[in-house]
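Novice: Below you will find the structure I want to go over with you.
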Amino acid sequence: MKSPKVPKPTIKRLAMYNRFLRELREEGIPKTSSHEIAEALNIKASQVRKDLSYFGEFGKRGVGYDVENLCLKIHKILGTERVWNVAIIGVGNLGRAISHYPELEKYKFKIVAAYDVDKRKINSILLPGIPIKHIKELKNKNDELDFEIAILTVPSNVAQEVANILIEAGVKGILNFAPVTLNSDDRVVIENVDFVISLKTLTYEIVSKYD
């Protein structure tokens with residue numbers, strides 16, 4: 001259902017809509033509207049309608065949206081109607097914190113593997129049933145990976161090398177927390193998360209607002 005013409009900010013907002021709809025569903029609320037979604041997320045109702053229009057018709061004017069139906073359709077658009085197996089690559093403080101984040105399994109992202117290079121960590125247990133393995137084991141894997149997504153939390157000076165190992169091993173997507181731009185080909189999708197860039201964006205907004 002996705003189109004390459006859909007802007008990335010739209011996809012990110014869809015994930016926000018999905019989370020809000022799940023909250024409504026858990027509260028037993030059957031109907032909502034673009035105005036209600038917009039008010040909850042501090043955006044314009046016209047933006048909500050525009051974002052949804054990329055993927056077809058979802059509601060009727062004056063009637064609104066069926067919460068359950070819209071939630072399921074957005075899940076399908078985002079690919080989160082099924083479980084995604086995830087590996088933590090780099091089991092430092094950040095990697096451990098992410099692995100224990102309760103929202104992951106709630107939204108069908110299941111940690112199934114963990115890799116590091118620190119000999120002191122190898123074979124220790126990250127989560128029940130998930131021992132930490134050495135990254136070199138990925139080089140020796142001849143069979144299909146047991147995960148599709150890698151969360152990369154390694155130092156920037158080794159991030160590209162580790163990403164290359166993951167790509168050659170057959171990973172489909174990398175969520176990269178290293179503060180470096182990774183080079184890749186069309187075999188893998190890379191999403192970068194950079195806290196410093198987000199903080200700089202925040203400081204710009206603060207300066208613009210108060211100076």
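The backbone N, Cα and C atoms fix where each Cβ goes, glycine too.
As annotated in Swiss-Prot:
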DNA_BIND  16-55  DNA-binding region
BINDING   G90, V91, G92, N93, L94, G95  NAD(+) binding site
Novice: With every protein chain in view, what's the tally of Cβ atoms within 10 Å of the Cβ of G90 (NAD(+) binding site), excluding that atom itself?
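Specialist: For G90 (NAD(+) binding site), the count of other Cβ atoms within 10 Å is 25.
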Novice: To which of the binding-site residues G92, G95 does the lowest count of other Cβ atoms within 10 Å belong?
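Specialist: Looking at the binding-site residues G92, G95, the Cβ with the fewest others within 10 Å is that of G92.
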Novice: Across the DNA-binding region (16-55), what are the DSSP residue counts per state (helix, strand, coil)?
Specialist: 28 helix, 2 strand, 10 coil
Novice: Among the binding-site residues listed here, V91, L94, which has the most company in the form of other Cβ atoms within 10 Å of its Cβ?
Specialist: V91
Novice: Over all shown protein chains, what is the count of other CB atoms within 10 A of the CB belonging to N93 (NAD(+) binding site)?
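Specialist: The Cβ of N93 (NAD(+) binding site) has 8 Cβ neighbours within 10 Å.
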Novice: To what whole number does the mean pLDDT across the DNA-binding region (16-55) round?
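Specialist: That region's mean pLDDT is 96.
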Novice: Given the recorded NAD(+) site (G90, V91, G92, N93, L94, G95), which additional residues of the same chain have their Cβ within 8 Å of the Cβ centre, ordered by sequence?
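Specialist: Going along the sequence, the neighbours appear as I88, R96, A97, I98, D116, T153, V154.
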